[in-house]
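Asks: Pasting a structure below so you can have a look.
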Protein chains: 2
Amino acid sequence: MASSTMRTPILMLFSLLALFLFSLNVASSGSSSSNIRTPLQHPLDPLTKEEITLIRTIVLNKHPKNITFHYVGLDDPDKPTLLKWASSSLHFKPHIPRQAFVIAMVNSVTHELLISLETKQILSDNIHSGVGFPTLTVDEQTEAIMLPLKYGPFIESVKKRGLNLSEVVCSVFTVGWYGETKSERKVRVECFMKEETVNIYVRPINGIAIVVHLEKMAIIEYHDRNIEPVPTAENTEYRAEYQKPPFGPKLHGLASFQPEGPGFKINGHTISWANWNLHVGYDARAGVIISMASIYDLEKHKARRVLYRGYISELFVPYQDPSDEWYYKTFFDAGEFGFGQSMVSMEPLHDCPPHAQFFDSYFAARDGSPSLLENAFCVFEQHGNIMWRHTEAGIPDQTIREARTEVSLVVRMVVTVGNYDNVVDWEFKPSGSIKLQISLSGMLEIKAVDIKHKDEIKEEQHGTLVSGNSVGVYHDHFYIYHLDLDIDGEENSFVKTGLKAVRVTDGSSKRKSYWTTESQTLKKESEAKIKLGQSPSELAVVNPNKNTSIGNHVGYRLLPASVTHPILYEDDYPQVRGAFTNYDVWVTPYSRNEKWAGGLYVDQSRGQDTLAIWTKQNRNIENKDIVMWYVVGIHHVPCQEDFPIMPLLSTGFELRPTNFFERNPVLKTLSPKTFKMPVCPKQN
Amino acid sequence: MASSTMRTPILMLFSLLALFLFSLNVASSGSSSSNIRTPLQHPLDPLTKEEITLIRTIVLNKHPKNITFHYVGLDDPDKPTLLKWASSSLHFKPHIPRQAFVIAMVNSVTHELLISLETKQILSDNIHSGVGFPTLTVDEQTEAIMLPLKYGPFIESVKKRGLNLSEVVCSVFTVGWYGETKSERKVRVECFMKEETVNIYVRPINGIAIVVHLEKMAIIEYHDRNIEPVPTAENTEYRAEYQKPPFGPKLHGLASFQPEGPGFKINGHTISWANWNLHVGYDARAGVIISMASIYDLEKHKARRVLYRGYISELFVPYQDPSDEWYYKTFFDAGEFGFGQSMVSMEPLHDCPPHAQFFDSYFAARDGSPSLLENAFCVFEQHGNIMWRHTEAGIPDQTIREARTEVSLVVRMVVTVGNYDNVVDWEFKPSGSIKLQISLSGMLEIKAVDIKHKDEIKEEQHGTLVSGNSVGVYHDHFYIYHLDLDIDGEENSFVKTGLKAVRVTDGSSKRKSYWTTESQTLKKESEAKIKLGQSPSELAVVNPNKNTSIGNHVGYRLLPASVTHPILYEDDYPQVRGAFTNYDVWVTPYSRNEKWAGGLYVDQSRGQDTLAIWTKQNRNIENKDIVMWYVVGIHHVPCQEDFPIMPLLSTGFELRPTNFFERNPVLKTLSPKTFKMPVCPKQN
């Protein structure tokens, strides 16, 4: 069987050819990019290019002037409607009219428009009069960053520092809210030097404060407080072609091939793979949305519902420098900048492995026209982990070993909000587990200081000296996931199982103690606000109406990441706005309007529309359609290795079936076929 | 460049051939198994077959009768000697004589023997007179499990239950210590049915208590208390060839090939790969030991020391049923059963991916003769993660994207102690990070009960009903790692950096609070007993004598796993023995004798020789050669999916360079070459 024993002449020829061909370093795009066949439209499919164009036409028809589009997205159908659609057979599916939700500013007033794509009508047009502003548009940021370059005082400041104006590039920063009673749409603009390196974030021109009014598109405040040296460009460039040798260490490559083709089938945005079926949507605010994930139960001969909808609802990044130039940096990356709108095109073979399939997306530009995001996310199979195994050495005269290899399915996006790159993975396993991982890369935000060595530090710098003149400022990253689990149906409960020590005092055992469990169905929102790490417990979403044959409630449990709690005081403005981080886990009854944990209008929000406020209603969550919200955090004390670009730092958690199946659901899942390359010249 | 555009006839031929050959499902062993070239002997290389034979001869020469070998291992050289050896150039390396450490029982008395393999002499022969017994031998377990099958009362019990004696198989369980003042070498033996399934652990014959005296090799206690039904064999078999269809879901395979060959060089047990150099040893007690791991610093042009020695020192698995049949199940898998001796042969392609290299090992059987463990551990490269990336959208008129792909090196072993399989990974990254992962698979220990449905449960069962008549008993898994980090040298300190909220009260900021850090070098062992999760902090081992050019102490920090603390009372016997789990992190000054966190003699130990006792000396740990001990735990509340065999459950942590390098050490590490297969028939 082994190839080395069957080297016929034709195989020799083959081997030479193979050697030649494998040596070609093909900078190819992996599998065909964006091979999305004409979809059988799913009601959750993201808006198409044509739909966005149509929406624009409809809206401009009513509001032809002074309009900017801040959000254009699918108005997802009612859950009952969608579930009915999903449960109907192919030819009897009810028609679900496509609708869009638009947030636009018309003459500086925020409008919420509901659009029918079928009747081509505006179904409603409401004015948002509360606090908070919509997500910034990419275009207004592009416009705002050009303002300083033509602004006299700034040009003077640049000159005063001996810098070259043509090498200055600026960036927009949201300003947060610090108790002001009146808010206007303004942002801070900070500038950087791009000479000699494209790594702008490590070369800030500090000491200057620029406030831009976005509606006026003008600088309304300007201060030049103090001059700090701009950190050197040396050793900060990250593009290979601009770096000086020596390079290293050398990493050896892998050629790979799927002889049976990919294991998934893609129909539009619906993916079926192994025992999973799921819809992967895109939204300019949320990024990738996983919907209607169900898993086929081999034993029950049916697909069973697991996740109705999952996505990252908000990302809160508070910096920890209270000084005038930094205090306001308490960003809400999803609500302020748009997590989906900040997704970047992924690089085949590097951002996603070979055999990945890429999906394009469209979001609306400021003028409402569709903007193409190529290779917006990818889907690929991950090979080679162990699925389960056992060696049985305990039966005399028998050697028993069974090891099954896993393949899993990963959906990946990269969201780059300014300096940071967030790699977000959803991994689906044949065992029913869903592993969610977030990895950080990109750059630190650097504060320029007149300090070249730690010994020179005389006062609190609010960060780590990571390079000469460069302080990496302390900050956090708090991601909150919206996880609308529908375990075998909508009506679910949230169960906390405490692990409690029991003292043996009656001499009934030689043990003095043991632990047991105490399960509690949490009935109200207030009970389901969980701070992890205080006492050992397991958290699960179960279906109290469905039992396994031996009587356990079917469920999925949360295996949390390393626990990270916010450190700011709860009454501090940023923490009021980011109050959804006050607990690690929250559970709410499903409400179509409760999508964004930090609120719908997050720019300069005041915390009135957050998960922390909604849950004050203390609604019933027992045997209801419930949503679990889970916060994953990272406290970031920068270190020199994070500079000038940060090696991936990962955290993650797992949603794991727990008495959902009657038994291990992959007991009868065979390892994939193994293929050995016929000729491996360097291996022997 | 793309192959599809250059299909010459010869390529067509090639493609047909390729298609044919790739379709062969070659059940091959991956790369050549155990391709260990004649080693340039490293002082830490594990004992060879010949050495074990020689040791046996030497010992038997003195103790020719009534001797059993419980441990035979390398007596690793003094650290200073070894470091001198390591720093000497190839031709001037000092000669380090090979010595072995042996624990043997002669006429039931425990001897500790130090053997010179050069002079073939016994250097010392001391008698262990304290409490605790050595690791059980595999052979005495094999002997003990045969005893019941010839024991009248047991045969009667089997008959009474209507079971077939020829289908009974037994297993040995250590008995722990519950306050007895006199201990003898005894074990419990429990029996299972192997008819219709090899999954014995799910088919216990409960109600019977058998105590075997190991020195007498006889049953000394026997009780048959009550008859519980043996759970059914149905649906418990895990071998594919004995399972009934339908199988599914189908997973698609991957063919892969390393056109440049593997990235590592193996010389004996020394591995050099990318920027890492490390020694991978084997010990019958510890399993895989990583030693002298150093990383090449491209900027400093030298290899820098990171880890002197790392291994799993103990694994504590207390079950939580206080009843007479279960209370004693509080296992110490390393000290009682030998973690290395319990390693199992790994299955190429399934336990380790293709291109893995396998290593064989030898341990001593009871009679001192070498036992071969084929494919004891493997080393492989892991491809395809993102190493770092950034897309820069902020510079007008430029599109900048740089994504670098990672390859990492994994060392893997599987340790199967009875029912559980522990997959232990050490992953080395070019960035300097070391990721340590433990994954559990195998079987639950099942308690047979006369309950088929949860509704029938009337009293505490101390576990989950996971199948009819089968309770998966609650338990924990606590792994403790011995991590002798030598960050750029031996003299290191342990630094705890607290993240503290600061209240702004003086109006100096619009913020009301922020957080900052407070670093503290922990000076004594007592200060370095850390319970994680109580307040946010970072823990690092630093070299206080070595700074980066900007003045930060070079170091490595611990990124912990999800925190898991013991729940048992501290005065309970098992917890006294497993007191090393009372804290998550401990730091001790290096001591050659402090290897085993639960003690050298763990079977029936009483906790006198544990990490918790050693640290009561409260020794100085500042600027000393220190060892960090880290506990990773899993509370295991079984669920039906864990039955009859458990899908992998993983946990892990990271040792990450922190101001160790001047900057990101993989800034100049290029992605590996990408190779596209010339013909991918199903991909287009």
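Glycine too: its Cβ is placed from the backbone N, Cα and C atoms.
Checked TrEMBL, it gives:
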- A:Asp333: active site, proton acceptor (ACT_SITE)
- A:Tyr420: active site, schiff-base intermediate with substrate (ACT_SITE)
- A:42-126: domain 'Copper amine oxidase N2-terminal' (DOMAIN)
- A:134-229: domain 'Copper amine oxidase N3-terminal' (DOMAIN)
- A:256-667: domain 'Copper amine oxidase catalytic' (DOMAIN)
- A:Tyr420: 2',4',5'-topaquinone (MOD_RES)
- A:1-29: signal peptide (SIGNAL)
Asks: Measuring Cα to Cα, how many angstrom lie between A:Asp333 (active site, proton acceptor) and A:Tyr420 (active site, schiff-base intermediate with substrate)?
Replies: 10
Asks: Are there any residues in the same chain, six or more apart in sequence, whose C-beta is under 8 angstroms from the C-beta of A:Tyr420 (active site, schiff-base intermediate with substrate), and if so which?
Replies: A:Val317, A:Leu440, A:Ser441, A:Gly442, A:Met443, A:His477
Asks: Taking the Cβ of A:Asp333 (active site, proton acceptor) as the centre, how many other Cβ atoms fall within a 10 Å radius?
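Replies: By my count, 25.
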Asks: Going by DSSP assignments with H, G and I as helix and E and B as strand, what are the residue counts for the domain 'Copper amine oxidase N2-terminal' (A:42-126)?
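Replies: The counts are 26 helix, 30 strand, 29 coil.
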Asks: With DSSP as the reference, give the number of residues of the domain 'Copper amine oxidase N3-terminal' (A:134-229) in helix, strand and coil.
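Replies: With helix first, then strand, then coil, the domain 'Copper amine oxidase N3-terminal' (A:134-229) has 25 helix, 29 strand, 42 coil.
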Asks: Tell me, by DSSP, whether A:Asp333 (active site, proton acceptor) is helix, strand or coil?
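Replies: It is helical.
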